[in-house]
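Here is the structure we will look at, set down as structure tokens.
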Amino acid sequence: MVVGGFSDSSVKVWDMAKIGQPAKTSNSQGENGSSQDERLSSTSEGKRPYTLFQGHSGPVYSAAFSPFGDFLLSSSSDSTIRLWSTKLNANLVCYKGHNYPVWDVQFSPVGHYFASASHDRTARIWSMDKIQPLRIMAGHLADVDCVQWHVNCNYIATGSSDKTVRLWDVQTGECIRMFIGHRSMVLSLAMSPDGRYMASGDEDGTIMMWDLSTGRCVSPLAGHNSCVWSLAFSCEGALLASGSADCTVKLWDVASSTKALKMDDTKAGSTNRLRLLKALPTKSTPVYNLRFSRRNLLFASGALSL
């Protein structure tokens, strides 16, 4: 399934397996006073079947599936987070805690828990079965623009408009490490599958690779000339994909480059960088989201510039 958020306050989910099926419509009443969820399937004019979830009262900025795809989270400018059932096609819970727009929301790798990032300068940890947050991470000096779980679920990373990245302990809610080096707001984060490295992208197009154990930037990546909206590691961690407002997707060699960095670690002033493998232009489409499938297919989504 593919998901997208929209400025008209709705969320659309496309089911790749239902392409070519007859059109269907159904309505159901959501809980918590939400508006009706309308499921629409259309094959006219080459459009793919999709499920439309409506309930937010403002633009939707982020959406994320649970690990097994049975739930969907969405965050909006209306300061709420909504939990949707992809089986019932209905809104289950509306989480209210942030006081300003919620820029990002992400399920933990094991599901049940999720994290959110907001204009109110906080990140929050939530449980699906509780309407109030379990932890509130406060410390950033400006918007928390993005949030990312560590693979062991014990930590979350947050990127902020204050140009820093912070690593937080989920159990205590305390900041345990701060990463400083970006010269503009941090818009995207990604964790390597082995949990050793973190990549962060900023508004200027710079990507930094961090060693989580030391807090050191092991390799700055220069290649994009505009905002880096999304970062994603391949399943085995050998590749890093970056998507940008400059209408390109770039693939970086992580495996061989990090080995070279370790070998040259004792050399003063080492200037090794991750090797750029390929740049994939999209002509006129800024890339807002990237995701590797379990078979290492790279999916990219964006907004067509007219």
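We count from 1, first residue shown onward.
Glycine is no exception: its Cβ is also placed from the backbone N, Cα and C atoms.
The compositional bias 'Polar residues' annotation in TrEMBL covers 23-35. The annotation compositional bias 'Basic and acidic residues' is assigned in TrEMBL to 36-48. Taken from TrEMBL, the feature region 'Disordered' applies to 22-48. Annotation source TrEMBL lists repeat 'WD' at 1-16, 53-85, 95-136, 137-178, 179-220, 221-262.
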Helix, strand and coil counts within the repeat 'WD' (95-136) (DSSP):
0 helix, 22 strand, 20 coil
Let me spell it out: take the repeat 'WD' (95-136), skip the flanking residues so only those 6+ beyond its ends count, and list any with a Cβ under 8 Å from a Cβ in it.
58, 61-68, 71, 73-83, 142-149, 151, 153, 156, 158-160, 168, 170, 173
Intrachain neighbours beyond the repeat 'WD' (137-178), with Cβ under 8 angstroms and 6 or more residues off its ends:
103-110, 113, 115-119, 121-125, 184-191, 193-195, 198, 200, 202, 210, 212, 215
Reported mean pLDDT - the repeat 'WD' (137-178):
97
I'd like the per-state residue tally for the repeat 'WD' (179-220) from DSSP, helix first, then strand, then coil.
0 helix, 25 strand, 17 coil
Please list, for the repeat 'WD' (53-85), how many residues fall into helix, strand and coil according to DSSP.
0 helix, 20 strand, 13 coil
